[in-house]
Amino acid sequence: MGKYNQQNAILPIIQYTNSEIRTWREVYLSYQKIIENHACDQVKEAFYLINKQIKFNSKNIPQLFEVSDKIHQLNSWRIRPVPGLISDKDYLEGLANKVYCSTQIIRREQDLTFSPYPDYIHDLLGHIIPIANNEISQKLNLLGRLSISATPEQVEQIAFIYWKVFEMGFIKTQSNQYKALGGAVLSSQQELMNVSNKNVKISHIREFKIIKKYVEDEDLQNEYYYIDTLDDIDEIVENLKQKWHQNKTAYNPQSPIRNPRIQAFEEDK
């Protein structure tokens, strides 16, 4: 697991182009409105916390090293740069180590309101900023740790839950409003507005069924899930463990050991 950055690793500084800065400006201005009007309370809190430290603005794209340092000061998480998409196993393993893997690529200008692929704007606004909230970061770490001793099929199931909650998910308020939690709906005005489409279904996460099928991530979704509180994640995790135990699936719930040199977990031998 030495692939994770050591504590003092230096993150690269990117010289963004004028086109990329224009793209950031448009998405960030839209994001401010999403935070104010559509984000769940935990995401709002996270934004206000980290914004006090960095002072986000529409003219400059925050450097990854700066964001990583501030996140680490808040709750010990760090950001690791990756060139693009990585495997579910590696991604979840990062969460288990309190490491979020982020690209530094910026979406094309024509993809302002919806980017078919993850980019730094999506990762920063949709995932990294929410990590500043302790409740969100704890649930992400919980899903990550669940994957450490999981089989490939179990990793697929955990990734499916992550996708439905932390990419496309909402929190339902006591006034029956759906507030954005997932990174895709937080960082895409088009994805967020798609939820109000009459042909789109939104269900409680308890109703989800893990099935082996292709998850469409290059187009707008036709189905979304919500939770009542983030504690619903604990219930889902326990239900998964029970299901694996009943099916006699090979799952070893032993606790991993932290290796202080690489800030990662290793299996107890």
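Glycine is treated like the rest: Cβ placed from N, Cα and C.
What you are looking at is a predicted structure, and each value in this text was computed from that prediction instead of being measured.
As recorded in TrEMBL:
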type: DOMAIN; residues: 1-269; note: domain 'Biopterin-dependent aromatic amino acid hydroxylase family profile'
type: BINDING; residues: His122, His127, Glu167; note: Fe cation binding site
An 8 Å radius from the center of the His122, His127, Glu167 Cβ atoms defines the neighbourhood of the Fe cation site; name the other residues of that chain inside it, in order.
Pro118, Asp123, Gly126, Phe166, Gly182, Gly183, Ala184, Leu186, Ser187
Ten-angstrom check, please: count other Cβ atoms within 10 Å of the Cβ of Glu167 (Fe cation binding site), all chains counted.
23
With every protein chain in view, how many other Cβ atoms are within 10 Å of the Cβ of His122 (Fe cation binding site)?
24
Any same-chain residues 6+ apart from His127 (Fe cation binding site) with CB under 8 Å of its CB? Would you list them in sequence order, or say none?
Tyr100, Ser102, Phe166, Gly183
